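For reference, TrEMBL has these:
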type: TRANSMEM; residues: 29-46; note: transmembrane segment
type: TRANSMEM; residues: 91-112; note: transmembrane segment
type: TRANSMEM; residues: 124-146; note: transmembrane segment
type: TRANSMEM; residues: 167-183; note: transmembrane segment
type: DOMAIN; residues: 297-326; note: domain '4Fe-4S ferredoxin-type'
Amino acid sequence: MIAADAGGSVGSGVAGRELMWNMGTASHVAMYVLMVVAFVLFWLGLRARIRAWRAARPAGERAGEWGRRAWILLRETFLQSKTRERRLPGLFHSLIFYSFIVLFITTLIVMVDMDFGLRIYHGPFYLAVTLAADLAGALLLLGLIIAAARRYLRRPEYLPENKPADALILAILAGLVLTGFLAEGARIRFHPQGDPWQAYSPIGAAASSLLSGLTPAEGRALHFATWWVHALGTFAMIALVPHTKFFHMLAIPTSQFLTKLAPKGSLERVDIEALMASDDAAEDFSIGVSEAGHLTWRQRLDLDACIECGRCDDVCPARATGQPLSPRRLITDLRDYLGAARRGGEAGGAGKGEPDPLPLIGAQGTVLADESFIWHCRTCHACQSRCPAAVEHVDLFMELRRAEVMMAGKLPGDAGRALKTLEAQGNPFGAQAERMDFVAKLGLPVIGPGEETDVLLWVGCGITFDPEKHRIAEDLTAILRHLGIRHGHLGRDETCCGDPARVLGDENLFQTAAKQTIAALQARRFETLLVLCPHGYNVLRNEYPRLGGSFPVRHHSELLAEWLRSGRLKLTERVETEVTFHDPCYLGRYQGLHEAPREVLRAVPGLRLREMRHRREESFCCGAGGGHFWMDIDSGSDRPYTRRVDEAVACGAREVAVGCVFCHQMLVD
């Protein structure tokens with residue numbers, strides 16, 4: 001920082017040092033002139049970014065709950081919670097981040113003392129601040145060395161290729177630290193009165209010992225030169241913030257503070273009826289994102305916040321199994337593509353300099369040039385849950401799918417056939433009459449409109465239309481009878497919840513199915529809607545409220561755990577085996593239900609629970625999510641479910657317990 005060599009006057013017995021020693025009035029004036037220039041350039045760049053955000057479409061639900069948002073900002077930005085999940089990156093980034101804050105505060109203290117005449121930078125406070133700044137500079141340099149070694153000597157496979165801009169960032173920061181120490185060392189060595197407090201500047205004192213061969217004139221010249229190099233480097237950094245990776249210092253805290261607080265499985269609602277009823281529907285009707293002008297300000301912010309750490313790629317199940325998917329490149333390619341369009345100088349459009357329209361799907365030079373790219377996403381949320389910048393990858397994938405399906409009519413063949421069956425039959429599997437046959441087989445009372453029950457059982461299509469999974473519903477029904485709980489079923493009115501249509505981008509079909517189900521549920525009275533499938537659980541609990549249907553939705557593992565905990569349900573038969581639990585994405589990462597299924601398993605006498613390497617929040621997707629239960633577009637022989645089975649075998653388990661019918665099918669296959 002500029003203040004690396006600054007200080008108060010050296011008084012007799014009072015700790016301090018002379019501010020702006022050896023610099024003179026001209027340098028003092030020039031420093032503030034250049035500082036103003038740097039901040040003007042900074043503001044112009046920042047204003048351009050803000051204008052691009054403000055010109056974009058609105059993004060819902062980004063205001064309110066300010067206390068919760070402040071806590072997220074504190075936890076993620078200032079406590080570095082997510083950054084520290086990876087040990088080495090967490091170490092060097094924490095060293096850089098906290099050291100930078102200490103040096104920034106030191107600079108402010110010196111400015112207050114020098115320019116506002118408050119004279120606070122002396123005595124014990126001076127000694128404490130000086131020592132803290134010296135140690136912070138050393139730790140900052142250590143963090144930079146570790147970061148450089150990781151990037152240039154042992155670069156992880158998921159970290160993108162090195163760019164000149166990466167080296168520039170490290171070089172600027174390292175240069176500021178080194179010139180700061182060198183200027184400090186020159187001041188200690190060549191100040192006429194010396195520095196009786198140099199013990200509190202251990203790094204500066206060490207630097208001063210290296211300058212013993214210089215004459216006083218040479219020393220003052222060196223101090224003058226290094227001070228100005230340090231100052232100019234600082235001003236250059238300030239001016240470059242909006243145009244380089246330095247911008248993440250502003251964009252990431254903003255992204256974290258304005259993150260979506262709605263449940264993870266809740267996507268942005270598109271009011272199709274309102275769009276169709278609009279007077280401008282013929283001209284402006286659009287769903288999803290297919291052009292730059294369709295991006296929301298939040299999505300623009302995501303593009304700016306990405307620091308290219310590669311963590312999203314590292315946890316992506318599709319990428320891990322060799323598929324052409326990269327959540328990171330979706331963000332960075334779009335950012336670079338839009339930046340290149342702006343630099344092209346064409347006026348108008350979604351943002352300054354962008355052509356209008358500027359297509360994104362099929363955009364050459366980006367991953368979207370291959371239109372199949374967006375279909376490889378499993379919507380497992382692994383990328384988003386690990387992102388330290390709070391980038392919302394999954395929501396952007398879904399908006400791109402919506403545009404492809406709703407506006408362009410494009411959908412992988414197998415998936416398209418499943419949705420046609422859903423539209424025609426009320427489910428993606430087959431004739432609806434089979435549902436009633438299964439309800440009769442279970443002996444489930446059918447709850448009609450106007451009737452009531454305690455527990456309304458939502459069996460779901462995956463169990464209803466697959467005889468191999470009938471036992472799941474049969475066993476749960478038997479437990480309900482054993483406990484004497486009044487329960488029932490919707491009968492013919494239970495149709496598909498709409499999840500396949502939602503994740504495959506057919507928003508119209510989803511809303512049609514959802515509104516039909518909401519009407520059926522609202523016509524009954526019940527205390528609990530008991531759901532077996534995590535995908536149905538997510539839709540019924542998180543998506544339906546946006547369409548006017550709020551219900552008391554519970555997953556069966558939650559109720560089983562509660563009944564076991566209270567002693568209402570007791571397990572006596574011993575099962576001598578080793579079992580591992582596979583956390584379904586839509587139950588674990590989406591809903592945070594990690595413990596309830598394990599609590600149920602631990603209650604089984606004789607059963608020994610083993611854990612896989614990837615578990616709980618870091619669970620590895622089975623591969624069925626994102627509509628992949630209905631389509632197979634992957635190339636090669638490697639699949640996410642084969643990786644998951646290998647993990648289960650490696651942990652020593654003899655059986656795999658699952659809490660999702662889709663996961664069950666994938667792991668069995």
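Just so you know, the numbers here start at 1 and follow the chain as drawn.
Cβ atoms here come from the backbone N, Cα and C positions, even for glycine.
Sequence-remote contacts of a segment are chain residues at least 6 beyond its ends whose Cβ falls under 8 Å from one of its Cβ atoms, and for the transmembrane segment (167-183) they are 1, 4-5, 96, 137, 140-141, 144, 147-148, 151, 203-204, 207, 222-223, 226-227, 229-230, 233-234, 236-237, 240, 244-246. Over the domain '4Fe-4S ferredoxin-type' (297-326), the average per-residue pLDDT in this prediction is 93. Helix, strand and coil counts from DSSP across the domain '4Fe-4S ferredoxin-type' (297-326) read 18 helix, 0 strand, 12 coil.
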